[in-house]
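Participant: The domain 'Arf-GAP' annotation in TrEMBL covers 1-112. Annotation source TrEMBL lists repeat 'ANK' at 154-186, 187-209. Per TrEMBL, region 'Disordered' is recorded for 359-400, 445-521, 598-623. As annotated by TrEMBL, compositional bias 'Acidic residues' applies to 364-381. The compositional bias 'Basic and acidic residues' annotation in TrEMBL covers 382-396. Per TrEMBL, compositional bias 'Polar residues' is recorded for 445-464. Look at TrEMBL and you will find 477-488 tagged as compositional bias 'Low complexity'.
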Amino acid sequence: ESCDCDPRWASVNRGVLICDECCGVHRSLGRHNSQVRHLSNTPWPPTQLQMVQTLYNNGANAIWEHTLLDPSSMTSGKRKPNPQDKVHPNKTEFVKSKYQMLAFVHRLPCRDDDSTAAADLSKQLHSSVRTGNLETCLRLLSLGAQANYFHPEKGNTPLHIAAKAGQVCQAELLCVYGADPGAPDSNGKTPIHYARQAGHQDLADRLMEIQYELTDRLAFYLCGRKPDHKNGQHFIIPAQMTDATLPISLQLSDHLFEELAMDVYDEVDRRETDAVWLATQNHSTLVTETTVVPFLPVNPEYSSTRNQGRQKLARFNAHEFATLVIDILSDAKRRQQGNSVSSPKDNVEVFFKSVGSRHGSESQEIDQPDYDSVASDEDTDTDLRVGKADRAKSLDSDLSDGPISVQEFLEVKNALSASEAKIQELMKANSNLSEELRLMQKKLQSLQSENSSLRRQVSTQQPYQAPGGPDHPNPSSPSSSSSSSSSSALKRHLSAQTSRPMSMYETGSGLKPFLPKGETPYPEETFPTLQPFPTYVSKNLPLASSPSFSSPCFLNVAASKFDKQSSVSDGDYDNTVNESDLDDSGFGRRCRLRSSGWMGESGSIPELDDHESEPDPSLPSTEDVIRKTEQITKNIQELLRAAQENKHESFIPCAERIHVAVNEMAALFPKRPRSETVRSSLRLLTSSANRLQSECKKASLLESSPPADVQLVTQQVIQCAYDIAKAAKQLVTITTKENNN
């Protein structure tokens with residue numbers, strides 16, 4: 001789709017055909033972004049292939065390239081790669097922007113409530129699936145419509161409507177995007193029931209196959225055949241393994257077992273697709289092209305622990321991976337039928353050799369001959385040939401192991417589990433220590449720089465002058481005598497304590513701090529605003545022009561409370577107590593609350609009480625809050641990477657994902673929490689998310705502006721992301737403290 005080459009692959013969920021070069025990039029994105037299948041060397045369900053071909057013929061590619069095809073919507077200046085362009089980086093960056101960042105998809109006008117917009121799109125999808133307009137449904141799904149949306153008035157899902165209307169391709173598309181064929185409607189009937197009642201027997205049989213797609217794919221990977229669902233056979237487990245193994249998933253809950261089964265399904269898809277890829281490529285270019293996907297790509301929706309476990313599945317050889325697949329099939333059948341766990345027999349033998357030989361016979365046609373023939377046909381790389389021969393010999397030795405008793409199997413499995421847990425614990429501790437060391441080094445450098453700057457300022461003994469005007473009186477006038485005396489007192493105090501570093505950020509007179517929508521600016525002599533700004537701003541603005549240092553309020557407070565100044569860091573959001581206690585009189589707290597939009601319309605300041613007398617039972621669990629925080633953090637990391645790479649066209653998609661994650665996290669808490677601290681943190685979280693969307697829109701409109709304006713807006717975007725992360729961190733700390741009481 002990015003060139004005019006002969007397409008031999010298809011992306012099922014995107015509805016496009018792709019060439020070999022783009023296929024390697026699609027596979028590196030992961031199945032959560034693009035589900036890749038070969039058009040001829042992969043077994044296809046006929047109706048699914050028909051769905052993909054219909055989307056391709058109707059121009060589904062235009063959905064993902066809307067802004068490139070519409071001249072009035074072009075703002076980024078990007079172009080589509082030519083066939084002569086290199087795969088890396090030209091085509092790689094284009095495919096990632098198109099399918100991972102969705103940078104060229106048509107965006108609807110932003111609304112105040114994203115949940116209402118998603119519900120409207122889902123209702124439109126609910127109405128469209130009864131027709132044959134397949135590309136319309138794909139467009140709605142690309143905009144955020146939910147395939148499993150339950151209509152509150154009609155009491156069913158879009159798949160119920162498509163099954164009743166006999167729309168086979170619509171049902172295939174919905175299932176690719178996560179629709180559940182076994183979901184009941186308000187009457188307790190599933191889409192399979194409606195398809196049978198309407199006389200669509202083939203569609204009902206296909207929906208039954210989709211319902212068992214995971215176990216069918218695992219069974220086909222082991223023994224090359226699928227169950228006969230029409231005759232009531234829903235599971236196939238190798239006979240030698242049925243009573244001989246103890247599934248390692250017996251101790252997992254249903255939720256964790258589902259996650260494990262999904263991860264193994266993705267690994268099976270990666271191995272089979274990799275085998276087809278190696279069998280269909282020109283092996284002389286494989287040595288130089290970095291197109292092989294050695295393990296499952298990272299899914300930002302999953303936790304780091306789960307992503308690490310998914311990637312370690314690639315280290316299993318055929319012997320180990322077949323054992324894991326059989327365990328999952330056995331336990332899936334047991335959980336489906338509701339059977340209890342039965343103890344295994346003593347001293348039973350595990351016949352891995354037969355299963356391994358069957359798996360090896362399949363790979364003789366797909367993996368080994370094509371992959372090994374590269375060295376024998378080309379005969380140019382002796383080391384590569386020796387390495388492949390050693391790997392084949394190791395695989396044969398794994399498949400020819402002798403009988404293993406249950407006791408030995410359990411001992412090795414327990415030892416392996418303990419080792420893996422210890423490794424995970426050490427890796428996590430190492431990561432935490434490295435992050436803390438990096439933050440400490442950054443703070444130390446910031447403090448040293450500020451200390452040196454302040455020493456130079458004090459040594460020059462240059463008085464501060466405020467600009468003339470009604471808000472900043474002239475020091476020579478009688479009305480400003482008290483301000484001048486306070487300034488002299490402060491300079492003497494600073495000269496006496498030059499060894500004590502002071503950290504203070506200021507806002508230049510020409511740059512006003514950001515105020516949320518609806519917030520009115522306050523006089524600077526009453527509430528000085530302390531905002532972190534980039535280095536280039538502070539270098540261009542002289543210190544003498546800063547109203548923050550010349551205001552009477554700041555001089556009085558600084559002269560009386562200098563010993564209690566604390567350093568303000570703009571690079572991290574660790575939960576420190578000193579940050580919230582800048583002044584005993586509440587001056588620093590009022591300044592921050594006023595600038596962050598935490599104060600109400602009457603101007604009252606909420607009291608932050610961090611010591612609740614008893615736990616709040618209405619707060620959500622710590623695990624739920626941490627899970628939502630991880631989603632917010634991952635999206636913020638994507639935004640920061642886009643900012644570092646100057647990809648301003650990616651700001652709006654990242655901001656929308658952050659806004660959705662913030663709304664999901666805020667929905668965990670009650671509308672009126674009992675703790676004022678929780679309410680303040682939630683207000684900061686939601687207001688910062690709204691500010692982030694506004695700033696990202698500004699950034700997307702400044703492509704042709706001077707670099708200083710673009711950098712300033714980018715700094716505001718980073719500041720909003722910092723406020724969101726800080727509020728999320730506060731909520732995690734509060735819920736952890738409340739739930740542990």
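Glycine is treated like the rest: Cβ placed from N, Cα and C.
Mind mapping these onto the model and telling me what they sit next to?
Facilitator: Beyond the ends of the repeat 'ANK' (154-186), by six or more residues, the same chain brings 12-13, 15, 35, 45, 47-48, 50-51, 54-55, 122, 125-126, 129-132, 134, 137-138, 141, 147-148, 192, 194-195, 197-198, 200, 202-204, 206-208, 210-211 to within a C-beta distance below 8 angstroms of the stretch.
When the repeat 'ANK' (187-209) is classified with DSSP, helix, strand and coil residues number 16 helix, 0 strand, 7 coil.
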Participant: On average, what pLDDT score does this prediction assign to the domain 'Arf-GAP' (1-112)?
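Facilitator: The predicted confidence over the domain 'Arf-GAP' (1-112), as a mean pLDDT, is 84.
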Participant: With DSSP as the reference, give the number of residues of the compositional bias 'Polar residues' (445-464) in helix, strand and coil.
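Facilitator: Result for the compositional bias 'Polar residues' (445-464), in helix, strand, coil order: 16 helix, 0 strand, 4 coil.
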